[in-house]
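Presented below is the structure to which this report refers.
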Amino acid sequence: MGDLLTDAHWGVLLILLPLFGGLCSFLWPSAVKFIGLATVSAVALSVVGLGDQLLATGVYHHAVGGWGAPLGIDLYADGLSLFMLMVTALVGLGVSIYALDYFDQDEARRFWPLWLLLLGGLNALFLSADIFNLYVTLEIVGLAGVGLASLSGGGAALDGAMRYLMATLLGSLCYLLGVALLYHSAGTVDIPLLAERLESTPPVWAALGLICAGLALKTALFPLHFWLPKAHASASAPVSALLSALVVKASFYIFLRLWLEIFSVRTEGVDDLLGALGMAAIIWGSLQALQQTRLKLMIAYSTVSQVGYLFLVFPLAAIGTFSAWSAVAYLVLSHALAKSAMFLVAGNLMHFGGHDRIADLDRAVQRLPITVGAFALAGVSIMGLPPSGGFIGKWLLLNEALNQGRWDLVFVMMIGGVLAAAYIFKVLGFAFTQAPVTHEPKGVPAVMEWSALLLAVAAIVVGFLASPLMLILGIGETVELMGAGQ
Amino acid sequence: MEALDFALGLFDILLVFLVLSLAWLVMSSEDLFRAIVLFVAFGLLMALVWVRLEAPDIALAEAAIGAGLTGALMMAALDRLSSVKPIQKVAASAQRKQLSLSSKVLPLIALVLIVLGLGYALLSLPEIADGLTPNVKENMAQSGVKNPVTAVLLNFRGYDTLLEMVVLLLALLSVWSLGGERKLSPRSTNPILGSLCRVLVPVLILVSCYLLWVGADAPGGAFQAGSVLGAAGVLLLLSGWHVEQKYLLWPLRFILILGSGVFIIMAAVLLLIQGGLLTYPVAQAGWMILLLESAATLSIGATLAALFLGGVPKSRVDQ
Amino acid sequence: MNSPMIYALLGITLFSVGLYGLIVREHLLRKILALNIMGSGIFLMLVALGKRSAGELPDPVPHAMVITGIVVAVSATALALTLMLKLVEASGSAVLHDAPKDRS
């Protein structure tokens, strides 16, 4: 039995299960909730299975069709992939439970097939070792994201979805052109083979520029973030949570993966440029968040600033240390949990009061203590206060910046933390005060309150799990490669 | 022989010039209808380019999808656009005139710089590169088909194609999620369209079957066959094809997911038997690929026609 | 310069012309046309450079990639067009306005 479990193709299951579930939920609309929850749970179990397998045997490697690179496509999972799959499964489970009560039957019929296919696309993305295959998964993620973003209907959501569609298609095309250049430079689209074969030539530089630009647009790195606030703020709450927590991270993961394996040797100046954009994103996003009067827009701008932190890793890791990379993985994890919790909280508050005006939260804390508690806990992680996942991530990053004497980065991170505290305490402040206009509040289903709290608590708890999580991140070649630089 | 080379070279230059000017005109012409017509012409010329590049499989796909279906989608959208908001065109062109010089010149400079930069990158690629040609050639015997492009699409990189079927389905799911219901239009009063349909639709279906069958050995395959089938569907929709409501629910959905469904089930079964995702046993590869392609053709055809309709189809006879 | 290279250069020029149109033109239908032209340019470059092989036949792998790409492009186009129509119905405009409504 033990052999069967460690030999099973968990990685392949992680892709096929949600896709199959998505088809089934389309075919049997009356059973979507059951099919959806069963699929998401099965995916979460498969991630556990894959984790168990990786801890026992090291990396997972599967040559699709038995051909192997360069002719075929390879699936590949190391610590970083497992980490991303874990984040996806955790957030996905929380949001799925929330969605059970959030959507009415008609909306649920449209939500679940799109979400399950998105989940399949995300898993396929984290498991792919082939840059053209990554393009196809990016398109799955992008189109599913657009479909989900427009789910709630209405002018604002459609406008946001349209901006998102334009941005994501342009990003994909830039990425694809980069892939084409790399293929014709090296005769392969397999990441490990590219790493061996690529030399520093003009086409490779052009490809680097195009791929970075395309993925930065999809990740909403300042100043290419223009599409994000509207798209994320006008979607329905569970969708905003998925988009902010997972979809943005998917393109960042490709960025990170390609950087680590292909482009790391050939980057002079690009890393500093990315760092500078990251710093600008932190300041600009936080200032914008502080000025917002609508809760969901504030949370969306907060995502713009938190994405900035992720890009600070590139100038720091140029010198090549493991702690910089683990810091960024930690930030991805804790931001995904905290941000999805925040959007779910926003959904609860909208359900409760019918609006998301921050100034009119009207003593929500007394009437929705669990929801406001979830917001506060998620806020702790976003601000980077101990004990939380956000604290560990930012602390590791800060440490690295101090060690390398990058005072500019240290300064910006400090400012970013203060600004984050300001916009989060602003919300909490209004949640305690009475609004001038009182209105008739609606009750919020317990499932919606508790699932938001669950994700927020998880964002705190991961702050205590540093050593097992580092162990997971340490699986596989990427880390040896990263560790070699120490 | 040299004269032929010279003539072909001249033809290349003429074609490049034409394609480029059409693209520019699509972007710059004021009238949207004209832009779409030019875009269809652009697609047809692109099909010619593919022939020149010895890519007949792409030429077929481009002619059917790139020029045909995309053009039809755009035309239908423009038609609906004018019925939704006739004043829009005026507003848009009025706004256009307000564009300052710098907002037009700066992108133009950027355009030139990008072309120069990428052009330099292309010219510094090695003169001769085999890519994956030798690898494909070496493994053709094990692929189960004789057309190398089909071998890559369905076997060597079949996993891409599986995911691509999901992309197609996702587009339709998103459209349905947006579009609400769309009643099948009443029977067209245009007798020419009706009789054209009676002749063309069976021919298109035959062509589709032929493309599907021949795809194993010669240019053709599921995507080309599926898009021809989709074109037949579009014609039927235009001529007011009546489908009873009961067929529009479960049976239609079943056909729509058939392609990706069979692919996923096949992948899972092969994983169990062969121990690998989409690892075909060499002796059985041929018919397995044909099965996958047949399912994919049906789904692609149905999905493209449904995308053209643009909403959840509903019988015009209310039940 | 041989003919595949000419077509590859045409490809990147089409990409750039499409990009220009995407940025400069405001009507959403035109932006969708622009994205399609950009895509065609990439496909052209991908295939044209595959003709550099020394053998008789061009590289079939880019051909398969382009067929994949064409299907992805038509899917995205159909979605974009439907989204555009819905947006026009809801807001009365086929242009994305950049007026900063965020602070209202």
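The backbone N, Cα and C atoms fix where each Cβ goes, glycine too.
Unlike curated entries, TrEMBL annotations are predicted automatically.
TrEMBL annotations:
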{"type": "TRANSMEM", "residues": "A:12-28", "note": "transmembrane segment"}
{"type": "TRANSMEM", "residues": "A:35-60", "note": "transmembrane segment"}
{"type": "DOMAIN", "residues": "A:72-111", "note": "domain 'NADH-Ubiquinone oxidoreductase (complex I) chain 5 N-terminal'"}
{"type": "TRANSMEM", "residues": "A:80-100", "note": "transmembrane segment"}
{"type": "TRANSMEM", "residues": "A:112-129", "note": "transmembrane segment"}
{"type": "DOMAIN", "residues": "A:128-419", "note": "domain 'NADH:quinone oxidoreductase/Mrp antiporter transmembrane'"}
{"type": "TRANSMEM", "residues": "A:135-157", "note": "transmembrane segment"}
{"type": "TRANSMEM", "residues": "A:164-184", "note": "transmembrane segment"}
{"type": "TRANSMEM", "residues": "A:204-227", "note": "transmembrane segment"}
{"type": "TRANSMEM", "residues": "A:239-260", "note": "transmembrane segment"}
{"type": "TRANSMEM", "residues": "A:272-290", "note": "transmembrane segment"}
{"type": "TRANSMEM", "residues": "A:297-318", "note": "transmembrane segment"}
{"type": "TRANSMEM", "residues": "A:324-347", "note": "transmembrane segment"}
{"type": "TRANSMEM", "residues": "A:368-389", "note": "transmembrane segment"}
### Query
Any chance the transmembrane segment (A:324-347) and the transmembrane segment (A:239-260) have 3 or more Cβ pairs under 8 A, given the pairs are 6 or more apart in sequence?
yes
### Query
Looking only at residues six or more beyond either end of the transmembrane segment (A:368-389), which have a C-beta under 8 A from one in the stretch?
302, 306, 330, 333-335, 337-339, 341-342, 344-345, 348-349, 352, 395, 417, 420-421, 424-425, 427-428, 431, 444, 449-450, 452-453, 455-457, 459-464
### Most Cβ pairs under 8 Å with the transmembrane segment (A:35-60), selected from A:112-129, A:135-157, A:164-184, A:204-227, A:239-260
A:112-129
### Task
Compare A:112-129, A:135-157, A:204-227, A:272-290 by their Cβ pairs under 8 Å to the transmembrane segment (A:164-184) and return the stretch that comes out on top.
A:204-227
#### Entry: Overall pLDDT of the domain 'NADH-Ubiquinone oxidoreductase (complex I) chain 5 N-terminal' (A:72-111), taken as the mean
94
### Message
Between the transmembrane segment (A:112-129) and the transmembrane segment (A:272-290), are there three or more CB pairs that fall under 8 A, provided the residues in each pair are separated by 6 or more in sequence?
### Response
no
### Task
Take the domain 'NADH-Ubiquinone oxidoreductase (complex I) chain 5 N-terminal' (A:72-111) and count its residues per DSSP category (helix H/G/I, strand E/B, coil), listing them in that order.
31 helix, 4 strand, 5 coil
